[in-house]
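Here is the structure we will look at, set down as structure tokens.
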Amino acid sequence: MMRTGARQYVVARPLYSEDSFNEKHNKVYRHRKTMLDHVRQYFSCDAKRAKNAALSLLPVIGWMKIYKVKEWLLSDVVSGISTGLVAVLQGLAYCLLASLPPWYGLFAAFFPVVIYFFLGTSRHISVGPFPVLCLMIGSVVTRLVPDEGPAANITGFEGLTRDEQRVLVASSITFLAGIMQLAMGLLQVGFVVMYLSDTLVSGFTTAAAIHILVSQLKFVLGLQVPGISGPLSLIYTLEIIFNQITSSNVCDVVISLIIMVVVFIVKELNDRFKSKLPVPIPIEVIMTVIACGVSYAFDFKTRYGIEVVGQIPKGYEPPVAPNLHIFQETAVEAFPMAIVGFAVAFSVAKVYSIKHDYTIDGNQELIAFGVSNIFGASFKAFAASTALSRSAVQESTGGKTQVAGLLSAIIVMIVTLAVGFLLEPLPKSVLGAVVIINLKGMLMQFGEIPYLWRRDKPDCVVWVVTCIAAILLGLDLGLGVGLGVELISVVLRVQFPRCSLLANIRGTDIYKDRKDYTSIYEPEGVKIFRMPSPIFFANMDFFRNKLVEALGFNPLRVLKKRNKALNRIKKLLKKGDLQWTATGFLNTTNGYVKEPEDDSGTEELEQPVDYRELPARIDWNARLPANIVVPPVDVHSLVLDFAAVSFLDITALKGLKTLLKELIRVEVEVYIVACDQYILEKLHSCCFFDDEVQPSMFFLTLHDAMLHILEKHPEATGKRSTDDKVKDANQENIKYRTVPRSLLTHL
């Protein structure tokens with residue numbers, strides 16, 4: 001009931017334990033599906049399921065039915081032409097990263113796009129070459145077919161030129177990565193990409209940007225630098241570049257600087273005035289056309305000795321089968337390529353799907369990229385994903401659907417079939433400069449380090465370690481190291497959570513960390529302990545140690561001490577050295593009572609305290625006879641807040657039961673509150689309860705348990721608090737229970 005005129009509410013209800021609540025409120029029986037039920041459902045088929053499966057495998061049917069020709073077609077045409085021009089340039093440029101002849105980049109900008117048009121769920125990403133993937137492919141290509149020395153001993157290399165061998169390696173590893181993506185999609189394991197956090201991807205792509213920058217220096221400077229792969233390859237490449245720096249081609253350097261300066265300035269203008277420009281100025285395309293014309297007019301290749309793209313064959317090459325021997329040599333590298341390519345594309349697609357209010361399917365995206373890479377590799381294309389800059393062009397120029405992507409593929413096809421010869425005099429230094437200037441966004445991610453350090457230091461460590469490992473060890477090993485560090489950070493956060501002792505906020509039914517507030521109330525002899533994480537084999541000891549630290553005593557040690565003391569008292573009573581009187585134990589000897597040797601076993605000392613042979617129970621916090629000393633226990637009730645405990649494994653169940661028994665045997669009442677229903681069911685099914693550990697210790701809420709404790713131990717209300725006066729609960733915002741008013745006045 002809401003109180004009128006105030007933001008207060010009053011609830012009158014009985015005090016509930018879990019048992020009493022279940023007795024009063026009937027639960028709905030729900031049939032739990034078994035693994036066999038899920039398997040049957042997965043493989044069952046009817047007309048509706050077949051229709052949905054067809055629509056999910058061909059998303060193009062879904063969005064083509066709602067395609068608004070009059071409103072969307074013109075935007076898609078403009079976007080497709082703009083994106084196609086950028087795709088041509090990036091295809092040529094990024095192909096250099098893969099250590100392949102430039103025109104094969106046009107294949108990668110065509111075949112995967114056509115397949116994704118039919119199978120992809122994103123309407124805005126531009127599929128094609130991605131610089132990080134190209135670099136990963138290039139490291140494998142240069143490992144198997146180095147610039148200097150013989151190629152690896154692989155069946156199928158006989159009679160092929162060096163370029164043909166490299167193309168075979170690139171297409172084979174792309175085919176293998178596509179198979180992996182397709183298999184993951186069919187097995188519905190698209191969730192694996194969730195293990196690549198934004199922090200890890202940011203650090204990884206930043207390291208990739210460093211690798212890309214260094215790999216393009218040889219084109220920008222006009223040097224002959226052999227491709228190097230493996231750990232520390234970046235250091236060795238820089239060493240070679242600095243040793244040859246005096247041999248740089250001045251013409252290449254000047255062309256690269258001009259291209260980079262002009263492209264950088266115009267891109268900044270595009271960003272600043274994007275709201276006023278109908279489409280971004282395609283400055284890379286413009287500068288490429290100018291550079292081609294100038295290079296052709298002044299014959300840069302002959303006059304200045306610069307390296308140009310060279311002859312671009314017309315048309316497409318016949319399909320080839322992948323090399324199985326290369327599969328064996330590159331399986332380790334293919335898996336991170338499959339994961340990285342999908343992760344980047346899916347993250348970009350997710351951004352645009354949220355912005356334009358439609359859904360994407362991770363598993364279907366895996367299938368789409370898997371089939372795209374398999375189909376593209378058959379025609380000598382290399383692995384495709386999405387480039388952030390190209391997708392931004394497709395979306396910002398008004399692209400509404402993948403019709404824009406299909407039109408961009410048509411532009412690439414026109415260049416491949418008809419006008420490719422016009423790009424033959426294009427200097428490779430221009431392509432290198434374009435690649436470097438497009439790294440700005442990834443290199444700017446270094447600015448995330450101070451932000452992460454201030455906000456979340458473990459995430460910052462993941463970023464830095466991933467970046468450094470990928471720079472020094474290579475992208476494949478660096479990704480593995482980063483993933484390992486990320487998982488370790490997650491495990492450590494769960495294994496060592498921030499436990500706390502809670503206290504009641506005066507006049508409310510709210511409980512917060514006692515260190516954070518001043519106006520709190522703590523009943524005497526009551527401890528409220530909160531563990532904000534699952535409890536499992538890795539953190540069970542941590543949970544126990546933190547709880548013992550919060551209690552101020554070790555229950556097992558106290559129990560052993562009490563049993564030892566009890567055995568000694570029983571022996572002294574039998575010998576007549578002690579007698580029981582109305583006022584307590586009386587020492588009948590005048591001198592010091594020698595402590596007898598205790599021959600009790602460890603298991604016996606851990607049993608419940610047995611008072612059967614004694615005339616009365618012993619007050620362990622009082623002065624004991626015969627110089628017996630037992631650690632005092634000033635806690636009579638312990639409340640464990642399990643609101644944040646999502647699961648318990650078998651190790652935790654055993655450890656928790658042992659701990660509860662130890663506490664109960666030293667006369668500490670234990671209450672567990674806000675326990676998840678799944679955990680309660682698991683406790684019952686695992687025979688957790690017995691004569692000592694009973695279901696009655698579980699309470700619905702923390703406040704229910706506290707009111708029960710105060711009702712059972714009214715003397716606990718005398719505990720001092722941070723306020724001098726105890727306010728009446730009627731004047732505060734509190735949920736009332738049907739318990740004596742004298743108890744409520746303390747909370």
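Each Cβ is built from the backbone N, Cα and C atoms, and glycine gets one as well.
Automated prediction, rather than curation, is the source of TrEMBL annotations.
Bear in mind that the values here come from a model prediction, so they are computed numbers and not experimental data.
Look at TrEMBL and you will find 73-97 (among others) tagged as transmembrane segment. For the transmembrane segment (73-97), the residues of the chain that approach it from at least six positions outside its boundaries are 103-106, 108-109, 113, 126, 128-131, 134-135, 137-138, 212, 215-216, 219, 279-280, 282, 284-285, 288, 309, 382, 387, 389-390, 393-395, 397-401, 403-412, 415, 423, 426, 428, 431-432, 434-435, 438, judged by C-beta separation under 8 angstroms.
Sequence-distant contacts of the transmembrane segment (103-120) (same chain, at least 6 residues past either end, Cβ-Cβ under 8 Å): 57-60, 87-88, 90-95, 126-129, 167, 170, 309, 312-313, 316, 364-365, 367-369, 371-373, 375-376, 379-384, 402-403, 405-406, 408-409, 412-413, 415-416, 420. Marked as transmembrane segment by TrEMBL: 103-120 (among others).
As annotated by TrEMBL, transmembrane segment applies to 127-146 (among others).
If one looks beyond the transmembrane segment (166-187) by at least 6 residues along the same chain, the residues whose Cβ comes under 8 Å of a Cβ in the stretch are 98-101, 104, 137, 140-141, 144-145, 156-157, 160, 320, 322-323, 326-327, 330-331, 333-335, 337-338, 341-342, 363-378, 380-383. If you look up TrEMBL, you'll see 166-187 (among others) marked as transmembrane segment.
Residues annotated as transmembrane segment in TrEMBL: 199-221 (among others). For the transmembrane segment (199-221), the residues of the chain that approach it from at least six positions outside its boundaries are 96-97, 131-132, 135, 138, 234, 237-238, 241, 245, 248-249, 252-253, 256, 307, 340, 343-344, 347, 428-429, 431-433, 435-436, 439, 442-443, 445-446, 448, 452, 459-460, 462-471, 475, 478-479, 482-483, 486, judged by C-beta separation under 8 angstroms.
The list of residues near the transmembrane segment (241-265) in space but at least 6 beyond its ends in sequence, with Cβ under 8 angstroms from a Cβ of it, reads 214, 217-225, 283-284, 287, 291, 300, 304-307, 427, 429-430, 432-434, 436-437, 440. Feature annotation from TrEMBL assigns transmembrane segment to 241-265 (among others).
The annotation transmembrane segment is assigned in TrEMBL to 277-298 (among others).
Within the chain carrying the transmembrane segment (334-354), a Cβ under 8 angstroms from the stretch's Cβ atoms is held by residues 121-125, 127, 130, 132-133, 136-137, 173, 176-178, 180-181, 184, 190, 192-193, 196, 198, 201, 204-205, 327, 360, 362, 365-366, 369-370, 373, 383-386, 388, 391, 395, 475-476, 479-480, all 6 or more beyond its ends. If you look up TrEMBL, you'll see 334-354 (among others) marked as transmembrane segment.
The feature transmembrane segment is assigned by TrEMBL to 366-383 (among others).
According to TrEMBL, the transmembrane segment annotation covers 403-423 (among others). Long-range Cβ contacts of the transmembrane segment (403-423) within its own chain (Cβ-Cβ under 8 Å, at least 6 residues beyond either end) map to 67, 72-73, 75-77, 79-81, 83-85, 87-88, 91-92, 103, 106-107, 109-110, 113-114, 116-117, 125-127, 288, 292, 309, 311-316, 394, 397.
Residues or ranges marked as transmembrane segment by TrEMBL: 461-488 (among others).
Residues or ranges marked as domain 'STAS' by TrEMBL: 516-709.
If you look at the transmembrane segment (277-298), the same-chain residues 6 or more away from its ends with a CB under 8 A from one of its CBs are 78, 82, 85-86, 88-89, 255, 259, 262-263, 266-267, 269-270, 306, 308, 393, 396-398, 422-423, 425-427, 430, 434, 438.
For the transmembrane segment (366-383), the residues of the chain that approach it from at least six positions outside its boundaries are 57, 95, 98, 100, 104, 107-108, 110-116, 119-121, 127, 129-130, 133-134, 137, 167, 170-175, 177-186, 190, 316-317, 319-322, 337-338, 341-342, 345, judged by C-beta separation under 8 angstroms. Here the transmembrane segment (461-488) has long-range neighbours at 132, 135-136, 139, 195-197, 199-200, 202-204, 206-208, 210-211, 229-235, 332-333, 336, 339-340, 448-449, 452, meaning same-chain residues at least 6 beyond its ends whose C-beta is under 8 angstroms from one of its own.
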